[in-house]
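Here is the structure we will look at, set down as structure tokens.
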Amino acid sequence: GLWKTLKDSAKSAVTNVAVTMLDKLRCKLTGGC
């Protein structure tokens with residue numbers, strides 16, 4: 001239903017943000033930017 005769709009899209013948005021932030025952090029830590 002609609003609720004599941006909303007939850008799924010929210011979850012994937014949060015995942016995308018987390019992955020992006022982790023990439024930036026790893027970039028800074030390793031100096032591989």
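Cβ coordinates are placed from backbone N, Cα and C, and glycine is handled just like the others.
Quick look at what Swiss-Prot annotates:
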- CYS27-CYS33: disulfide bond (DISULFID)
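In the three-state DSSP classification, CYS27 (disulfide bond) falls within a helix. CYS33 (disulfide bond) has a Cβ environment of 7 other Cβ atoms inside 10 Å. Other Cβ atoms within 10 Å of the Cβ of CYS27 (disulfide bond) number 11 in total over all chains.
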